[in-house]
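Undergrad: A single structure is presented below for examination.
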Amino acid sequence: MTTPSIKSQIFSLLILTLLPLLIYFNSLNGSFQFDDRNLIDREWIADTTAFEKNVRLSEYENRPVLLWTFALNNTLHKNRAFGFHLFNLTLHVFVCVLIFVVITLTQNFLAPPALGQKPPSLLTACLPALLFAVHPLNTDSVSYISSRSTLLATFFYLLALFAFLKMFSPHKNSWPVRAFFGGLTVAGLYLALASKLIAVTLPLALLLWFWVFIRPHRFPELCTRIFTRKLIPVYAGVLLAFLAAAFFLGPGVLYAPKDQGLELFGRMPYLLVETKVIVFYYLKLFFLPVNLNVDVGFPFSAFADDPGIALAVLVLGALLVLAWKTNNPWVKAGVLWFFITLMPTSSIVPLSDLAVEHRMYLPMSLGL
């Protein structure tokens, strides 16, 4: 059995670095837009010294990691948009590389070298990363300085998943090495949350990857041990309590954006119209990325007045059934990753903007 050569892997990484740099090179000449100036002129991020005096790293809901990067940019490139755009573009390159690395590591669980199976395909890891690197739908995230929070959260989200996979690696790593990657997973979770609260779904994403890719080969008997009839009521009770807390006690229980969406729409109407946003805007742009818009202005409509919402519910339901029924682990993981990572912005936590293109950045990284 042969595995992809080191030269092939280096070449792939080189392409994943250079291609997005070429495509988004013109963005380096961009200026501050919309909220950019108002954001970076805040006194507490005037420079790194002001950041240290005014921002607490423990208050992750205030995005201290994001604010630190702006403070660093202000220290190095005060009033110059070039440095801010360069930072965003560099983050995008790192995310593309992480997608390639995560898929490569995941393939090792499907075809462990010790079992003499067909070696992992370099193309399987490279093509999704290349598609992500050049997809026009990511333009908002990369080119708009204020969208950096999404880039940062996605980077640390994938870094945590990388560390999680290394922790359970099929290779014979020592316990100190596995403990190190376990700590890196936790650090990635904090850094992602401290960049943007969309990372609240990371534990679910890690559980998804564990269940679909790691468990069948590393812990094949785990399913029969934990899914016994005696434990089903316990799991059901925990799930119901979780959902009840999120629904009745308000979004602040799990995820509390500083937004007026709840007053504007209410939870259930927002959830229903978001199904239409996902199907007829996000997925449409994923397959046909034309007429992109940094300020979408998607119209609100009620379920009773808009048959498109019912159709969208059916489409999303069909995707979930596909994920449940399929035996292909990539399809299962890709569809569920898409739903999990969209939950913070497209479920029961209403936001004032119904559709924003950078919300697809994290879901597209390993989804669909």
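Any Cβ shown, glycine's included, is placed from N, Cα and C.
As annotated by TrEMBL, transmembrane segment applies to 6-25, 86-110, 122-138, 150-169, 189-214, 234-257, 277-296, 308-324, 336-356.
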Undergrad: May I ask you to check whether the transmembrane segment (122-138) and the transmembrane segment (86-110) make contact, with contact taken as at least three Cβ pairs under 8 Å and only pairs 6 or more apart in sequence counted?
TA: yes
Undergrad: Out of 6-25, 86-110, 277-296, 308-324, 336-356, which stretch touches the transmembrane segment (189-214) the most, going by CB pairs under 8 Å?
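TA: Between the candidates 6-25, 86-110, 277-296, 308-324, 336-356, the best contact partner of the transmembrane segment (189-214) is 336-356.
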Undergrad: Give residue numbers and ranges for long-range contacts of the transmembrane segment (86-110): same chain, 6 or more residues beyond its ends, CB-CB under 8 A.
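TA: Sequence-remote neighbours of the transmembrane segment (86-110) are 9, 12-13, 16-17, 20-21, 24, 27-28, 69, 73, 120-122, 124-126, 128-130, 132-133, 138, 141-143, 145, 147-148, 151-152, 154-155, 158-159, 161-162, 165-166, 168-171, 209, 213-214, 217-218, 329, 365-366.
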Undergrad: State the residues, same chain only, that lie 6 or more residues beyond the ends of the transmembrane segment (277-296) and have a CB under 8 A from a CB inside it; answer 'none' if no residue qualifies.
TA: 33-34, 135-137, 139-140, 144, 308, 311-312, 315-316, 342, 346, 353-357, 359-360, 363-364, 368
